[in-house]
């Protein structure tokens, strides 16, 4: 079967798993982990195999790359909820930290995301080579300025629905060197290619770790060798088809094995493992508390679902009869929000007491009814105080009993105090509420009518238990003003987030009339607050209230701490005494303080917002931002620090002559053109935005979702960032500026991955406004800019943490110009070496050079030279130039684009006659010393020649061509001056191959397009012999489906072999260009069955001709077949593409390169090459045609292919392959060579489906073969006989020839 190529990640994964001792038997489950501030905290992950919950790693500002190099947690294979990384400095990749993390289950998500990587300043790649599945949730990768290798990840291999991923704000793809293993010069074999979001590419996590692509159906995992795991495995396995060898489980894990469903007697827990009933009973939601877990419908749940309950003797959840009894032990629970009430959803029996203190909210009754509507019994007391948001108590629609096991102050079972808007007691009267013991107490409910209270007395049976003071007519249902006494504050102490207040003790006439104090406070920018404490126009309370109990000592002054408060904010505060009077004829007595205004102390501001940058010149950057959301003082200045960043040196690894070049930009931001002023609309004075959306108006779903996530995420960041100490807090700008700058340099000056940014100086400036102009910068250079907000107390509290932005200056126009003049020197008789100096201070990096040269009277030729190629000789060599006058010029291309062309330089290539006369002139004018030198050189040459002639060269076909290094020109010789070179086509097996034009080569044609093969000038004698041998072989071939030799230029250097020009290149490249996702797709549809059979017929015809000429090809493959302009396929020129596709060959035992993936088993075993073995290779070529040139035996190394084929293996049958072609392939791959068809038999089977032009042009239908002769299988030995010059010799040979 065909197996995908699995990069050595598989071996590394296996080694790491073995070294980690991975086994399902040794699984260690850890709870959710929040790791922050210190790298040492990561040690909590040691020995964790599974994190049952979430894993958060965040806010490590002082960490460096060195801190992480010794850390690795190979045991960790899965996280059941989500993985979040945020602002971890120094961490460059996760590949060493979590080398075996295979699964993120996403059982509970972070705002819909299972993987969040946010603002990781030094992260260069995600690097999770073992990750095979993200079961639920999306991926969010945002604002990671160094993060690359995102375009090479196929998220579709990991997620069921990757379309909701959010990957923005990372390093631009054109600035990344996203090179996968085995491509563009990277080490190793190529990774698998897949199509994701319409783009086909190699898939890898890093430049040395491929992404796993398993060949298994339905997304099954696989072993490192590509064998399919058990269907219940997830993320990989160590043995195929073994549920105990899984890295993680697709469904459930129990007793060291994976199961589709939990075994009998066990129950699902957290959607990934099975537990017994005993284990479920021992689980705790909160350590130290009683277990609330119950078993329902085969699942172990933290609580029984609504409508079900668990009794004391069983862990199983039972359906309730009627209203479901659910006992909730709460102790004394305060409900001060809707969220707090939700803890009682479904409760019918509250064992404990409830205190309602709902001061804020809008239309709370429906929400409270969902939470408290089923409550029937409260065993303790019910206390409702200061609940200004309540209008009715109807949400207690089923409340029947308040038992009074515990009471307020030992007396009161129902206690209703100071509820300014309470008007109705709800259904208590009609439902028959019972209060068997204790009193009821109502006070300071000005909107609650007394008749409701008196009626409640009768229903509950409490009439006569309480006195008139406990249901006071003066404070219930009465909004009349009372006589008050002024309370005075005696002290206050303010801090940044709190105020400590004390006031004088109030002594009413009757001490028992004083109940408590209420402190009212609110933000008040202006000193115009009123004492009105009712709801405001938005339905919420404008004042914050704090209930203060009376001090125990009669001499102690009452006081309170108001917290948490906002720094540097003015608050209005007053205090009121809650009193009553027992004397009916006495006026109501009270006490209240005047409103006082207090300022909290300043604190460090939050970070500046919405930083934008732009460049308007090559030496300046403009930066603008908005003030921090919380200034916490008067902003006096902003501290701006900036540092130059090094360019990514990995860009030099790319050959931009062959790879598309997309350059970074430094465009001007149009937002800088706006006028100054607030960009946000001011709210109308005196109005406030209500917290509920206007009826009928909703945000668009996408915008609402995005806005919601951003808001929640920023709230999370704000809460999280206040916990650790800031990484470099400016504690004293004036006295300790130098110390703080040094701390800052350590923070932002950490070496940037791939560069040496720490070598560049950090600049700083203080600016009074929300903008800065940074000058004196280097052209087209990226800078990191950090901005801190500092208020008037910065010398005490420090400045804010930094917000940062990256910006690039504009290019300098002349920076990429090449200095000085272009120089040249003769490298040989037909080549020159052009040299020039690099631009000394370019815009970023120089990526390539372009040379434009032209011969006098001809069109110019443009040659691209990569910087790596330039660096070898400081220029470039122009070879194979016909004689004549030339001019050349050059320009550089940097990250900013093209520089200017240099001035042209002229040079001259002499002709053969001039070379001869020049040599004679030298001989006639040399000095005696020169003559002596020539004599010595001649002697050395003589001895060298004697030695060379004594060397014996072996030939694969020793009788076919003499190994002599002499070449005798014949009728094939073409004068060199008739040849013109146009451009490079590629590298051949002996040297460069060019496209050119030959004049007068063919009768009736003025010029003929040709391909020119060369031999390297430094080639060895052996290589020159082989080069001439190949030319001599081609002279004998005259077949339409074999590439023709047109001539030889053997006089002078270098030697040229002139071939028929095949404009569409080799068949392998042509087939790959027909893939729909190919970037160079010519717009031609995928070959139909008829097209594929036509290609097969043309190749078979060319091979039949070679077989008739007793020639064994030995390297038949799509790469060695050529495609002409009219799409005719011809057998190539035997070796031209070997260097181009070097990875298709394998060196066995130190011998020559072998195309093992195309070779027959007898060739691999015994080195036998016959026409039969060529037929085997023809079958592989058919497979290439059907798959559009996929690599045969994909997924197997060359060594594995060698063993696989020698053991009788063949390529797997292809899906959707035409039956006719599949049968033809199978016949070519018979293990017995004699059972394979000959090429003429192949043509016999398909000739009816070939186009009519085939009959006119083919060898098969030629007179020499007389319409399909039977050809004798040619052995490698027979192929040594030279073919005749007339083409095919004897076509009447019979099959069954000799075989090695």
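First residue shown is number 1, and so on along the chain.
Each residue, glycine too, has its Cβ placed from N, Cα and C.
What Swiss-Prot says about this one:
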type     : residues : note
DOMAIN   : 607-707  : domain 'Fibronectin type-III 2'
DOMAIN   : 818-912  : domain 'Fibronectin type-III 3'
CARBOHYD : 47       : N-linked glycosylation site
CARBOHYD : 311      : N-linked glycosylation site
CARBOHYD : 411      : N-linked glycosylation site
CARBOHYD : 492      : N-linked glycosylation site
CARBOHYD : 528      : N-linked glycosylation site
CARBOHYD : 616      : N-linked glycosylation site
CARBOHYD : 634      : N-linked glycosylation site
CARBOHYD : 756      : N-linked glycosylation site
CARBOHYD : 885      : N-linked glycosylation site
CARBOHYD : 898      : N-linked glycosylation site
TRANSMEM : 922-943  : transmembrane segment
Query = Could you give the number of helix, strand and coil residues in the domain 'Fibronectin type-III 3' (818-912) as assigned by DSSP?
reply = 8 helix, 49 strand, 38 coil
Task = With an 8 Å cut-off on Cβ-Cβ distance and a minimum sequence separation of at least 6, pull the same-chain contacts of residue 885 (N-linked glycosylation site), or say none.
result = 855, 856, 906, 907, 908
Segment-level pLDDT (mean, integer) for the domain 'Fibronectin type-III 2' (607-707) = 68
Request  = Measure the Cβ-based neighbour count of residue 492 (N-linked glycosylation site), defined as the other Cβ atoms within 10 Å of its Cβ.
outcome  = 15
Request  = Please tell me which one of the glycosylation sites listed here (47, 411, 492) sits closest to residue 528 (N-linked glycosylation site), measuring Cα to Cα?
outcome  = 492
Request  = Using DSSP reduced to three states, classify residue 492 (N-linked glycosylation site) as helix, strand or coil.
outcome  = strand
Key: Residue from 411, 492, 616, 634, 898 whose C-alpha is spatially nearest that of residue 47 (N-linked glycosylation site), among the glycosylation sites   = 634
Key: Close glycosylation sites near residue 492 (N-linked glycosylation site), where close means Cα within 10 Å, chosen from 311, 411, 616, 634, 898   = none
Ask   = Out of 616, 634, 898, which of these glycosylation sites is nearest residue 411 (N-linked glycosylation site) by C-alpha distance?
value = 634
Query = When the Cα-Cα distance from residue 634 (N-linked glycosylation site) is computed for each of the glycosylation sites 311, 616, 898, which gives the smallest value?
reply = 616
Ask   = At the Cα level, what's the spacing in Å between residue 898 (N-linked glycosylation site) and residue 311 (N-linked glycosylation site), rounded?
value = 80
Ask   = Quick one: what's DSSP say for residue 311 (N-linked glycosylation site), helix, strand or coil?
value = coil
